[in-house]
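Quick notes on the structure that follows.
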Ligand code: DGL
């Protein structure tokens, strides 16, 4: 295995980029990275054994994120993408402190682009309860509240359904209806998807609200930020490199494989792995 601190024979550029989420949501970010950076190898970790993070204590989310990032670095990753808003809110600082010489990209709800795009200056925000409670999110909110009003709703129960592959059942639609109604009633014309699981609901939301809401998700912006950081750190893969992707789950590789096929249309080899303080399944 290549140490993250030593060049691989082909140079560090050929090492994979680690992409991490509490579960399947980060696949919505991986999709954009794959599209923008076709020569990069990606190593995706779905911590589905512990999803949803959004309803767990902050200290748990931070500890788990650090364990997953340690694991990715031990696999030789050259950069880390925390493709989870909740984990970014509670752990990105700790991850950057632990790996000060590596690019570490986090994600946060796109309040700024949404406020800039909104005509009514009323923006709906759908994110996990934990993201909405976090200091980092509330600092961002406060910095933008002078010009725009934000109607924030915690998407309780959405992530477990998406983890099961449910993106449009009557139950999912009923939950979305309840969450979107206060935003529409308040005059929102823009909706921020502040959890990386939610972009998989875009089509369903569109069917429900038509063009009444412009939908903002940050996947493309994250991929661009990653590209900039790889260039800055001189870590980009060679333009003729053939990427090798790896998908791992802490719960169920077969499920991750079938969800990657359903959500991304890729036929990925997947493995079940034990990370951090988890015990191997009996
Ligand atoms: N996908 C995650 C996020 O962006 C977390 C979902 C969860 O595990 O609750 O916030």
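A Cβ is built for glycine as well, from the same backbone N, Cα and C atoms used for every other residue.
Just so you know, TrEMBL annotations are computer predictions that nobody has curated.
According to TrEMBL, the features are:
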- 21, 22, 53, 54, 85, 86, 196, 197: substrate binding site (BINDING)
- 84: active site, proton donor/acceptor (ACT_SITE)
- 195: active site, proton donor/acceptor (ACT_SITE)
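On the structure: features taken from TrEMBL.
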residue: 21; record: substrate binding site; Cβ within 10 Å: 31
residue: 22; record: substrate binding site; Cβ within 10 Å: 33
residue: 53; record: substrate binding site; Cβ within 10 Å: 29
residue: 54; record: substrate binding site; Cβ within 10 Å: 28
residue: 84; record: active site, proton donor/acceptor; Cβ within 10 Å: 33
residue: 85; record: substrate binding site; Cβ within 10 Å: 33
residue: 86; record: substrate binding site; Cβ within 10 Å: 35
residue: 195; record: active site, proton donor/acceptor; Cβ within 10 Å: 31
residue: 196; record: substrate binding site; Cβ within 10 Å: 30
residue: 197; record: substrate binding site; Cβ within 10 Å: 30
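Comparing residue 21 (substrate binding site) with residue 84 (active site, proton donor/acceptor), their Cα atoms are 5 Å apart once rounded. Here the binding residues for substrate are 21, 22, 53, 54, 85, 86, 196, 197. Their largest Cα to Cα distance works out to 12 Å.
Residue 53 (substrate binding site) carries a helical DSSP state (H, G or I). Residue 86 (substrate binding site) carries a helical DSSP state (H, G or I). Rounded to a whole value, the Cα-Cα separation of residue 85 (substrate binding site) and residue 195 (active site, proton donor/acceptor) is 6 Å. In this structure, the C-alpha atom of residue 86 (substrate binding site) lies 7 angstrom from that of residue 195 (active site, proton donor/acceptor). Following the DSSP three-state reduction, the secondary structure of residue 196 (substrate binding site) is coil. Residue 22 (substrate binding site) sits 11 Å from residue 195 (active site, proton donor/acceptor), counting Cα to Cα.
Residue 195 (active site, proton donor/acceptor) has 84 as its nearest neighbour among the recorded positions 53, 54, 84, going by CA to CA distance.
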